Amino acid sequence: AKDGYLVSKSTGCKYECFWLGKNEGCDKECKAPNQGGGYGYCHAFACWCENLPESTPTYPIPGKSCGKK
């Protein structure tokens, strides 16, 4: 397992959040079936996820820079 920032596969962007620390939205995203993580919270205004499967992509995705050229 690994820890990391959740990332949108289509854009390469982190999942933004504003409620730092315990964050229901991040936790829900982290535990979603397509992510498969164990616990999510908001760190530095992005969703950080623990105990992700190695197969789940985390930020940054090589070649996708979240809108930056």
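Glycine is treated like the rest: Cβ placed from N, Cα and C.
According to Swiss-Prot, the cysteine that forms a disulfide bond with Cys17, out of Cys42, Cys49, Cys66, is Cys42. Between Cys13 and the candidates Cys49, Cys66, Swiss-Prot records a disulfide bond only with Cys66. Sequence-distant contacts of Cys42 (disulfide bond), defined by Cβ-Cβ distance under 8 angstroms and a gap of at least six in the same chain, are Cys17, Phe18, Trp19, Leu20, Gly21, Lys22, Asn23, Cys26, Trp48. Broken down with DSSP, the domain 'LCN-type CS-alpha/beta' (2-67) shows 8 helix, 23 strand, 35 coil.
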